Amino acid sequence: AAGGGWRCGRGVDGAALRWCITGVLCASFLGLGMSIAVLGPTFPNLAANVRKNVSDIYYIFVGRSLGYLGGSVVGGVLFDCMNATLLLALSMLGTTAGLYVIPWCKESLLLTALMSVIGGSMGILDTGANVLALNTWGSEAGPHLQALHFSFAAGAFLAPILAKMALGGSESEELAGTEKTNQSVLKSVPTASAASTTAALKDHHDEDFLWSYIIIGTYILFISIFLFALYSKGSSARDKSKASEQKGKRAKYHWPLVGLLFVFFLFYVGAEVTYGSYVYTYAMVFAEMTESEAAALNSAFWGAFALCRGAAIFGAAFLSPATMILMSLLCSTASSSALAFFAHYRALLWVGNAVYGASMATIFPSGISWIEQYTVVEGKSASVFVVGGALGEMCIPAVVGYLQGRFHHFPVVTYAAFATSIMTVLLFPMMYKLANAPQENDLKEARDSETLKALLTNSRLTEDEEDEEDVREWNDADFEVVEMNDKLKNSLTDTSRSIAGDSPAEVSLQPHLDDVLGDPPVLAGGSPGRQNGNVDWEKSE
């Protein structure tokens, strides 16, 4: 009884630990979303901090993207040879260090290097968190992966609000101070002094704005402490054993399947980022909306995206990953076709925009859950997925921007959304075909099973034939007995009728005749019955 209670308590502790891992991973992805999204609203302030124009420091995006790619690749290798929780904790610590230094960075090259470090840490986190969630929950990982990526969307939504809050506190103080200063300047101070005062207030405002990096960095620091605590618990010790158990589950076409998913995620993530980045400009230029309407259209896209990703946490508990992917692909194709060809109808533009955002929400986590059902998802495989998404995020927006600059009169962004939707619809059946290809072990087992079945069938047929032959032999023997019995009866009857008169011998013959006719087993022998009959006949004579 004590042993059973210990096992029960151990199971409860294991379940609590798994939920704790999920909570920390979701909190990590919340920080990841904030770290990525905070760059947008603070970009002008970063440029001013390094004394550059906005157009002159575009390369910090390139640095962060390259770091993200490198972190994904390196993380995929490291996750297969070291503790996953420890690596995630170290990556979060690196992100914290980068975010703390950025507000005081005054050199553009140093800023680019810091962005590369942060991008590398983000790539490691993005790769490792997905692998750790799969190793923790296995076939039950669907809702947890959806929660993970919903947390990322929530972080991306919260970062601009946090930046505006950091701005808002100083904005009112600045406005009040500026009014008082202007009044005093008009009375007694030269205009140059007023300009210098305004510049000082602007510098103070920029510093306050960059405090959003410190807030996000502190949050991520706390998450890294929790990850170190999980490492001390040995949370991923079972992950390696589970990964070794899953070695036999590797699909026959593992790497071709991973390569197709790489291309699939390249188009999907590229389409998501491209549309989300250019929808505001599209609404202003091609839909002829006002600024507030264009902002509302942009918010509707990302709001539907976040809302559907949150609902997918519960939907993944009832729907298979393949079903969710298929539904998303069909909705994205229908909505992107409406955006590309029927956007001149204002209602279809709003509906298509919202449906397109909702359909893009669940594809990435559902894709990872789907491939886990057919093959092993290790660090290297997950890094391929993440690199595909990162390349799509880098390349497709750049290509669309270049084409839009060349063809001013065509809404390239909506045509690109439709083209990428068609590509993903064509790629998924190919991946499904490869994933369901029978493995060599399955073919061998099928052949062995068919051979055994054939042997058993032949043995049954042989036994049935032997039984039928025995039955035929017994029937033939019975027919011979019946024929012998009839012949003997007829012979004795004819002999008895040939005797003249009513002699006493007839009386003595009758009981012997009855005995002979009534004893088939003796007659089967042949000679004994015939000899007895002859002896009695001689005596009667």
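Here the Cβ of each residue, glycine as well, is placed from N, Cα and C on the backbone.
As annotated by TrEMBL, region 'Disordered' applies to 493-541. Marked as transmembrane segment by TrEMBL: 16-37, 57-79, 86-103, 109-133, 145-163, 210-232, 253-280, 351-371, 383-403, 409-428.
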Task: Dominant neighbour of the transmembrane segment (383-403) in 16-37, 57-79, 145-163, 351-371, by Cβ pairs under 8 Å - done: 57-79
TODO: Go through the chain and flag residues at least 6 beyond the ends of the transmembrane segment (409-428) whose CB is under 8 A from any CB in it; none is fine as an answer.
DONE: 260, 263-264, 267-268, 270-271, 274-275, 278-279, 281-282, 286, 325-326, 329-330, 332-333, 336-337, 339-341, 343, 356, 363, 396, 400, 403
Task: Same-chain residue ranges lying at least 6 outside the transmembrane segment (351-371) that approach it to Cβ under 8 Å - done: 130, 134, 141-142, 145-146, 148-149, 153, 257-258, 261, 264-265, 268-269, 271-272, 275, 279, 297, 300-309, 312, 315-316, 321-322, 324-325, 327-329, 331-332, 334-336, 338-339, 342-343, 377, 382, 385, 389, 417, 424, 431, 435
Task: Maximum Cβ pairs under 8 Å to the transmembrane segment (57-79) - stretch from the list 16-37, 86-103, 109-133, 210-232 - done: 109-133
- [ ] Counting only CB pairs under 8 A, let me know which of 16-37, 86-103, 109-133, 145-163 has the most with the transmembrane segment (210-232).
- [x] 86-103
Task: Cβ contacts under 8 Å made by the transmembrane segment (86-103) with residues that lie 6+ beyond its boundaries - done: 28, 31, 35, 46, 49, 71, 75, 78-79, 111, 114-115, 117-118, 120-122, 124-125, 128-129, 132, 207, 210-211, 213-214, 216-218, 220-221, 223-224, 227-228, 230-231
